[in-house]
Amino acid sequence: METLMVDCVQSSLRHFMHRNAIFVCERLCAEFPSELNLQLLASCYLQNNQAYCAYHILKGTQMPQSRYLFAKACFKMDLLSEAEAALCPTNEASSEVPNGAAGHYLLGLIYRYTDRRKSAVDHFKQALSIDPLLWTAYEELCILGAADEANAVYGDVAALCIQQRYLHQASNSHISESSCEDHAAASSRTLLSEDLNSRQLKHAQGNNFKDANSNHGVVLGGATSHSHNIVPPTASVYSTPSPMPAQLSGLAPPPLCRNGQTNINLVGGESSPRSIVNSNLQAPRRKFMDEGKLRKVSGRLFPDSGPRRSTRLAAEAAANSISNLNSNSNAGQASGNGMNHASSKYLGGLSSSRLSSATFRSVTVRKGHSWTSESFDEGRRHEVFDDSRSDNTATTSSSASPLVDDRSLERERSSMHISAITTNGSRNLTGVSEFLCLLRTLGEGFRLSCMYRCQEALDAYRKLSHKQYNTGWVLSQVGKAYFELVDHLEADHAFALARRASPYSLEGMDVYSTVLYHLKEEMKLSYLAQELISTDRLASQSWCAIGNCYSLQKDHETALKNFQRAVQLNARFAYGHTLCGHEYVALEDYENGIKCYQNALQIDARHYNAWYGLGMVFLRQEKFEFAEHHFRRAFLINPRSSVIMCYLGTALHTLKRSDEALQIMERAILADRKNPLPMYQKANILLNLERFDEALQNLEELKEYAPRESSVYALMGRIYKRRNEHEKAMLHFGLALDFKPSTADVAAIKSAIEKLHVPDEIEDNL
């Protein structure tokens, strides 16, 4: 019963019928309370997203698997301290982490989210050493910035580890199969010995029954006044033959006809022997012999295809009863019943063979074997065998032959199994090599992307095959790389291909919505948000896209609510916390903005966007030292971002460290020629250093990249004013106003025009 219930639970879990699995498993735990059954019940609840149920079921359990499941439930409930205590008990410092690689991976996540980076890295690496195919562990190492090169992780050591594990599993399966085969062979030998013993017992009983019938002078033929319904005293016992020797001991063989009635009137009756045989029989005696040979051959090929033991016993009992009829017919002839030699021979030969086959077929029809489809006319063409020869052949084929065949079959099966293991092993070695090569390419691309070496990451992804490159995950990573390179058009194209390849996947859609925000694609962004919400309303990426829609429309309060919803659905969504911070800053709520950025950094210390956001807050608050610190931290994480370098240079310039600021600006310009901000800030620094010619030269170059940027012309007007070239200054101030600047910039430009002829010294005092 317990095994049946466990199979039912596991079958329900395989078919994702979690409610049925929980119901049956509760019955299982009530009927057979054990910790193993509690583990199964907890697994049902975990798969049904009811971690709190698994938590209460497994609390206080001690088995390793129970502790792992309990830790999994605690992790989902954000009870990280209890999860750590379950995986690493304080009173058992030397105990191993349960569940191998999965346990180390879970412990690494716990350490990561409790800000213990070194311990997290150690456990992720241990998980990879145990199972090199645990991709998520390598992914976490890349996110933490501690991943080794993919060639080292997925190299020869990983291949050797996988091969050893495969060979170990193959040997275990071979051992289990061998034990099963040995058990089956032993069982067949036991059944064979029991079959032989029962056959010998019934043969002895048949002889006794024959002697008894001859002593009592049983007569088959007779006058028509004899009874036609002769029912033996034990007929009811033999109406359904049993294969058990205990039931057969001390009993006569079964009657020749069904339902315990003979109805045989061979002499002086209305029916002839042939008509009786044709009405009751369908196969000759030869078929019984062929069945014995068939059982020998089919026993080699299909061990379970032979007739059931009850069928064989009933057939043998029928054979013994035929020999009894032969002796009785001879006795009837001697007692003067009027039968000649020919009729006696007919009864002892053809009739005995067909009667025995009839009894055999009467059993096989009930058992449902396929032999019942044969006709009597086909069997009539076969020659007739003697009963003693038939018994001899059957006994020989069922005693000596199976013993020899078992040994040869065992040798053949073992050799076939070894050759199969060798063939499968060579195939699996090839598969391991190919899979590790794929993981090396994907891993190297992801590692480079996490290190923000985005161009190198793109080159790595291009090495993939066409099939692998055009998958949703890879195209999303390509889109993220282009986004970090500030190539929003290419990022849009890559994400659009990812949506086409996997329209059901939400991987990277938060970044895609930000790409559309920067491109100011309101319609495409709105359509994306609607699609994501219709796909999964409980996904953080969906609400992130809606938030970007409202932020693009300058509705920061509504955008903030949507970003908060995204964080509520996934508290470990670092980018969601950062977007909340951006909206708070846009609303000039700097205190809450700082809290949101700090929450993001607690989740992911390498989330450079949060460091950048904190730097911008302190820059606006004119806390330049704090601003420089946070910009520096963001720069150390992502040293290829021209935006971060630009604002770091601005902070350094405000701290009177202009030489460092100019060096940073040069690096920012080289990092991204298309970004006009570093060139503008460099010209501003040169203006403050009174290096007017260099500043004007820099701005002339900038005009080629941003010909309609009003701030560029406004800055050139300020430079010409400082050089007392008022006509050129007025020209450029007018051009700046023509390009429709913002309201604040309009006010600043008009103020500069009004003070055009005021000396700089007096203007500074004003």
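A Cβ is built for glycine as well, from the same backbone N, Cα and C atoms used for every other residue.
Copied from TrEMBL, the annotated features are:
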COMPBIAS  272-282  compositional bias 'Polar residues'
COMPBIAS  377-390  compositional bias 'Basic and acidic residues'
COMPBIAS  391-401  compositional bias 'Low complexity'
REGION    267-312  region 'Disordered'
REGION    371-411  region 'Disordered'
REPEAT    101-134  repeat 'TPR'
REPEAT    540-573  repeat 'TPR'
REPEAT    574-607  repeat 'TPR'
REPEAT    608-641  repeat 'TPR'
REPEAT    710-743  repeat 'TPR'
Q | Most Cβ pairs under 8 Å with the repeat 'TPR' (101-134), selected from 540-573, 574-607, 608-641, 710-743 | A | 574-607
Q. Residues sitting near the repeat 'TPR' (710-743): Cβ under 8 Å, six or more positions beyond its termini, same chain?
A. 676, 680, 683-684, 687, 690, 692, 695-696, 699, 702-703, 749-750, 752-753, 756-757, 760
(Q) When secondary structure is assigned with DSSP, how many helix, strand and coil residues does the repeat 'TPR' (710-743) contain? (A) 27 helix, 0 strand, 7 coil
(Q) Can you give me the average pLDDT across the repeat 'TPR' (574-607), rounded to a whole number? (A) 95
Q.
Can you break down the repeat 'TPR' (101-134) into helix, strand and coil residue counts using DSSP?
A. 27 helix, 0 strand, 7 coil
